[in-house]
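Trainee: Dumping what TrEMBL says about this protein:
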- B:12-30: transmembrane segment (TRANSMEM)
- B:51-70: transmembrane segment (TRANSMEM)
- B:76-94: transmembrane segment (TRANSMEM)
- B:101-121: transmembrane segment (TRANSMEM)
- B:127-144: transmembrane segment (TRANSMEM)
- B:165-188: transmembrane segment (TRANSMEM)
- B:220-239: transmembrane segment (TRANSMEM)
- B:251-268: transmembrane segment (TRANSMEM)
- B:275-297: transmembrane segment (TRANSMEM)
- B:303-321: transmembrane segment (TRANSMEM)
Amino acid sequence: MNKKFLPLYVTSSLFVLLFLVGSVQFENFGTLRVFMNLFTDNAFLIIAAIGMTFVILSGGIDLSVGSTIALSGVIISVLLRDYGWHPIPAFAFVLVLGTLFGAAMGAIIHFYQLQPFIVTLAGMFFARGLSSVVSEESVPITHMFYDNVAMFGFELPGGAWLGSSTIIALVVLGLAIWLANFTRFGGRVYGIGGDAQSAALMGVPIARTTISVYALSSFFAALSGIVFSFYTFSGYSLAAVGVELDAIAAVVIGGTLLTGGYGYVVGTLFGVLIMGVVQTYISFDGTLSSWWTKIVIGLLLFVFIALQRYLVRRGTKA
Amino acid sequence: MRYKDLSPAVRRSLWPIIGLFVLLLANVLISPEFFSIEIKDGRFYGSLIDVMNRAAPVALLAIGMTLVIATGGVDLSVGSVMAIAGAVSAGLIVGGVDNIAIVIGGGLLAGVAAGFVNGFLVGYFGIQPIVATLILMVAGRGIAQLINSGQIVTFHHEAFEYLGVGYLFGLPFPIILVIITFVLVQLLMRRTALGLFVEGVGANASASHYIGINDKLIKLMVYCVSGLCAAVAGMIAAADIGGSDANNAGLWLELDAILAVVIGGASLMGGRFSVFLSIIGALIIQALTITIILSGVPPKFNLLIKAAAIIVILLLQSPEFHRQIARFKKAGGAQS
Amino acid sequence: MSTDDTVLALRGVVKTFPGVKALNGVDFTLRKGEIHALLGENGAGKSTLIKVMTGVYRRNGGIIALDGTEIHPANTGDAQDLGISTVYQEVNLLPNLTVAQNVFLEREPKRFGIIDWRRMNREARELLLGYDLDIDVTAPLNSYSVAVQQLIAIARGVSMSAKVLILDEPTASLDAEEVASLFNIMRDLRDRGIGIVFVTHFLDQVYAVCDRITILRNGTLVGEYEAATLSQQDLVSHMLGKELEKAVHEKVGQAEAQTRETLFELNQGSSDVLEPLDISVCAGQVVGLAGLLGSGRTELCKLVFGVDELSQGDAKLNNQSIRFSNTRQAVVAGLGLCPEDRKKDGILGPMSIRENMIMALQNKRGWWRYIPMKKQRELAEHYVKVLKIATSDIEKPINQLSGGNQQKVILARWLAAEPKLMLLDEPTRGIDVGAHAEIIQLIRKLCDDGLGLLVASSELEELVEFADKVVVMRDRRKVAELSGSDISQQTIMQAIAGQS
């Protein structure tokens, strides 16, 4: 067993364990349908959390994710309703806008040597503010294309459903794994997270990489906003509040070290799935109230952070 | 006396105070009755009092946050801690406790406990502050909802409600609470060596350790103080509406508190701090909100303007930005 | 401008920092297939010169030519592309990436647009086998020792088709065997036509491996010499800019030391990283700690001060057993430690000179008994005067002072706390010559006042100058104790090298 995959084993085993516990306890829990629903319900979070994974691997953090999701939803809905755009150019528009927004944050972080959390905090205000300027009320989306995309999918055995958002999330996952582990860019991200100074001395272009990382995160957040609008059929400036925290939690539970440099994109998927399983378990139980989700996630965060601490300490001593 | 000759301490405090002054001036220009204060039944009324009263919760959070940021940390959990403290107090009242000391004590205890958890994780576990306090930020609201059983718990308790709506010496009681907290913290920090130790730990934790300062304990302490301040703010919020709303109490106020400290000129890297300037920062945020309302800009622009303000302040604090300005000036001078 | 075999030529290179001229028209010539030592005292300009060559700094004047064409590297990546690779003292690789990734970072082999891991691992392995490193290249770098990491760094540098390889103190943390194998590799590379710049503090290593020597002093070139014809005596006097003089300091001899009261004693004390050892310091005695970087000097200071825990043996201060569970207890008991890394562990950057000075005393008194502001100012003014700290204002942030003045402030911090035993870890590192002499004078004066001093230093001449007794460390154990007239650079060096 390779030591560096240890957090990944822990996360995936935990997911399997939780899923098994649910299956033993509840009749209809252990089905492909429930499993696929984990993806359907959390596709937007998977996408956003994957973007966050890159940021955290590089040693940063992005608090603007939730607001970016809301902003792209609002812009799409307004473009469709008031300007009669077709969804596809609207999607392209928000993706470009999101990328530029992230790049701007990355540039400010790099060139002015500011802490990522405060810059992206400002970004969070900015995106949230911009969405309420565009529209304060929830804007409904009514477009044939939307209906078609939302309905698109494949029926799997046992009434399970492989829908469009799940497909998008899985494509993003594949793309992210390719980026992180099979391109030069990925090595640079890990490198900067490991030791930015050494990376610079080894010739890694710090500025370009930092800017790209935040651009990538915001791109994924905008994409996540598009997927999110498939659920809600609306754009609302107060949507997706706190998603950045869920995304960070998923990344950490997925075994990525918050100080950067260590972790895997696949882990983040399991992080989201674990959070989804907890939620499903609570809704199956019926007597447990919804706030237990937050408490359990908080506990999981604590356990994983403590575990990381322990592993790092042991690592430095060895 | 030129700007350059001023001592660093004076220079630092100049900008926030000028900023507040300019905002207030703008408010007066837009709405001439802004400064007018009426006295009715021995109570002061007026926009200025209103600004201070509404800024009180953020000002309280900012007091605690200032110390945390001075040690190079940050406390993201204060909003959730507000919700927990409000829920604990409300729970005690609804549970039949009438003794105001127990009701308030319960809320404060909840705040200290939360601060202790944060401080322990940061100081003794060595976890980055953003991460350590994120745990309670996420779980805290769940805990508050657990205490409230998911309801908005309403209550009626005159003595407790006084925290939010009472008047003392003609001023709303929240303002008095801010003043009391400020004086206490100021005494603790500047009349003993604690403030020096806090700055030392923030300036260089490792060097402080070599000097023999117990940096872990100092960190634990500042998070506890932050938890306490959040608890007071949370009880004010609960008393104000006569109920505890676990979902919305103190929502996003951690961000305003951080912003207030940054506007007050503190460096997020730690070191120098001024509790007074952070309170000025909190007032600036509130005055800015009022300015936006008074000037007829729709309130939906609120967040956008706030975001712009943060970026401008951050840039002004960044040494690289100053270098760029200097270069720009030089180039301009060479051309002309 | 260059003869045929010159690969890198610097002519009249100037580098200024605000207020300092770090390089003042320096010439340097590196030939193909030679190992060229770049020597000089701390602050002589060695590291600045290297940083100018490798694009970390941009020169303010002069010419750098590689193979006869002028170059202007804007960053290390640029310099690497041109063929100038550097290996630093502290390994500047990425601990979290695999060995193979470290070797091939920024030039990973690709296939169909994706990184070809299999080829990368295979090539990395083959490459490292050439350096006698038979290791798993898919393991993260930090699973290997510093010596191995250093070799990996060299392999990386050379494999980037380097014409010039700069080795900046590569031997500082290596043991004798590792040094020997490094030298073999260096000779091998030289024979393959690479020009190697070798920066080191260890003079015997210069003679072991170098062909030519360039010496810098105070940012100017002293001269370029053939290693075979320059005696070690001359070399040292070129570096110091003076003839070697015998130290004039009256040493407290062994006989006298016995009559004095023992201040501090460590009996068979050990920590997680140190072998058990004895050490004693008398009042008014300066005990020097010699040894290479990583020999256990710093660790011993930390052990005495209580940063690291005593795992065995016992420590006595004034004949009373002491055991500290935190640093504050050590300070209250009367110990003080000026740490090696001033910037990281010493100064409180944004805080004022006054606050930096009173911190230790304040901590000794406890948080409740705040030193009145008037007293704080008096103390600060006093030490600024006594230690000749160059500042107009005690309220100035300490990070605006020069390194030497910062060091004096830190000394003042401890003096104000009136310790019985002071530990100075590399008190003169990175300090200009003038301040250097003053700090040494100060050290002497301190012990005349009855303070016990334990001074760790890598500058042998310094130790010879002021130490009454020298404890020599090697491989985390004590290997020799010299006192009185036995103390000379020669004897210390022999003990360090293990030839006694």
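For all residues, glycine too, the Cβ spot is worked out from N, Cα and C.
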Trainee: Could you pull out which residues elsewhere in the chain have a CB under 8 Å from any CB of the transmembrane segment (B:51-70), counting only those six or more residues past its ends?
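Mentor: Distant contacts of the transmembrane segment (B:51-70): 78, 82, 129, 172, 174-175, 177-178, 181-182, 185, 189, 198-199, 202, 222-223, 225-230, 232-233, 236-237, 250, 253-254, 256-258, 260-261, 264, 266, 268, 270-275, 278-279, 281-283, 285-287, 290.
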Trainee: Most CB pairs under 8 Å with the transmembrane segment (B:76-94): which of B:12-30, B:101-121, B:127-144, B:165-188?
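Mentor: By the under-8 Å Cβ criterion, the transmembrane segment (B:76-94) pairs most with B:127-144.
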Trainee: Quickly jot the same-chain residues contacting the transmembrane segment (B:12-30) by Cβ under 8 Å, restricted to those at least six beyond its ends, or write none.
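Mentor: Same-chain residues near the transmembrane segment (B:12-30) but 6 or more away: 6, 47-48, 263-265, 272, 274, 276-277, 280-281, 283-284, 287-288, 290-291, 294-295, 316.
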Trainee: Given pairs 6 or more apart, does the transmembrane segment (B:127-144) have at least three Cβ pairs under 8 Å with the transmembrane segment (B:165-188)?
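Mentor: No, the transmembrane segment (B:127-144) does not contact the transmembrane segment (B:165-188).
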Trainee: Go through B:165-188, B:220-239, B:251-268, B:303-321 and flag the stretch with the largest number of C-beta pairs under 8 Å relative to the transmembrane segment (B:101-121).
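Mentor: When the Cβ pairs under 8 Å are tallied, B:220-239 comes out ahead.
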